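So that you can see what the record holds, here are the features copied from TrEMBL:
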type: DOMAIN; residues: A:9-106; note: domain 'Pseudouridine synthase I TruA alpha/beta'
type: ACT_SITE; residues: A:D55; note: active site, nucleophile
type: BINDING; residues: A:Y113; note: substrate binding site
type: DOMAIN; residues: A:150-250; note: domain 'Pseudouridine synthase I TruA alpha/beta'
Number of protein chains: 2
Amino acid sequence: MTQRYKVTIAYDGTNFAGFQKQPQQRTVQSVIEDALNKMNKTDEHIFIVGSGRTDAGVHALAQVIHFDFPHDIPALGMKRGLNSMLPLDLEVKDCEIVDDSFHARFSTHGKRYMYRVSRGEFVNPFKRFYTAHYKYPLDIDKIRAALPDVVGTHDFTSFVAAGSQARDHVRTIYEATVREDHANDEVIFEFYGNGFLYNQVRIMVAALLEIGRGQRPVHDFLRLYEVKNRKECYRTAPASGLYLKEVVYNQPQ
Amino acid sequence: MTQRYKVTIAYDGTNFAGFQKQPQQRTVQSVIEDALNKMNKTDEHIFIVGSGRTDAGVHALAQVIHFDFPHDIPALGMKRGLNSMLPLDLEVKDCEIVDDSFHARFSTHGKRYMYRVSRGEFVNPFKRFYTAHYKYPLDIDKIRAALPDVVGTHDFTSFVAAGSQARDHVRTIYEATVREDHANDEVIFEFYGNGFLYNQVRIMVAALLEIGRGQRPVHDFLRLYEVKNRKECYRTAPASGLYLKEVVYNQPQ
């Protein structure tokens, strides 16, 4: 009997060409589908649906996928089976059997992203794939003063990368925070919103770092919402600092 | 004028075939010597001396090297120059010009190693190269009770890997600690001693984990010192968990 599984996964994005399947590329989707189709004893091909894509080099602490599987495997068995099949840069953190109405992409209420910036004059060898390095002076108070402008419902056209297929660019950000992790010499951003456009978080972080460095006025986001022009905001912070931290769903399963 | 430099380096050992130069291999020594010999405008070939070797996959937070350089470059200039030449998995943390009597290997008073063990049923993707994964139950109190047996001057013949060139196997360990990092779900060992034999820390950690798991009596180290037989202690914990954390020198430079 076919059952729907909701699976929460973590991955180190360094060696993946992003989430979405692409010919000749090692992607999160292809690696998971390969494992599932080895576990599957029917002729049916298993496809997975993710809450959304992540780019090459972007990490996930808790990405969510769903798929329909034609064998009656308990949730814990599925978790263990998948973990035994998957490579070490991809881990199943949680697995539940859910109602057919659950959809990893369409049922989302919001997503939380974290962005880690490492400080210091030189790149820390242990962080080169797991943070963005930013050596310039930063006034965190300026960034903190800009964050209320990020929160709310805005047209993020100035913050969307070419290649986006989104029809409209209005999104709502519920929370935007920054904190300094002095012990690790990092600055850490978090954004929680109802959805994010292609590269939106990385473009926003690049603009916020420019505000912190004094290269952009503190309340420049208000102007950027008006001008609706990516050329006003053309930098993109590196993929290595970005983590999909949480996907929140509308109703409990 | 030739000057001696004492340089403290950090490296992610994952992509190095260890510290020591070997034909056709990417090693810490060869990467640094290549950079130095590009900076050097004389015919003289620059060699570096490390405080000791680290194996493939072993990390360093503060390895120390010295070399003689035939140009009068200030310490900060050497640090910046080297960091601009070196790959991102190797960083110069500190650089000093020292007296010719300083020797990175012979002047050592002691070395501190850290060993990180990650817990949980499955491998955390972000820790696969930076910890050893140990999924079995551990009684930390048993390990803690064994650590006083580690401290002191002992014959570590049971804890030395084949391939060691050490003539005698007596070493002194000044400190041996274990702590649980609950936030990161890790168990972290530290050992400070006057010197360590080939693979000694990794073999000791493997034995301590067996004590914690109940597979070996708490005070088995006392017996292992007596039997002087590696076969009694044949496991070696993985390189990925080991960090050279500090090298302490006899006199201030």
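Every residue number used here counts from 1 along the chain in the order it is shown.
Placed from the backbone N, Cα and C atoms, the Cβ positions cover glycine too.
Annotations in TrEMBL come from automatic prediction, not curation.
Look at A:Y113 (substrate binding site): DSSP puts it in a strand. The DSSP breakdown of the domain 'Pseudouridine synthase I TruA alpha/beta' (A:9-106), given as helix, strand and coil counts, is 26 helix, 25 strand, 47 coil. Counting residues of the domain 'Pseudouridine synthase I TruA alpha/beta' (A:150-250) by DSSP class, helix then strand then coil, yields 33 helix, 32 strand, 36 coil. The average pLDDT the prediction assigns to the domain 'Pseudouridine synthase I TruA alpha/beta' (A:150-250) is 96.
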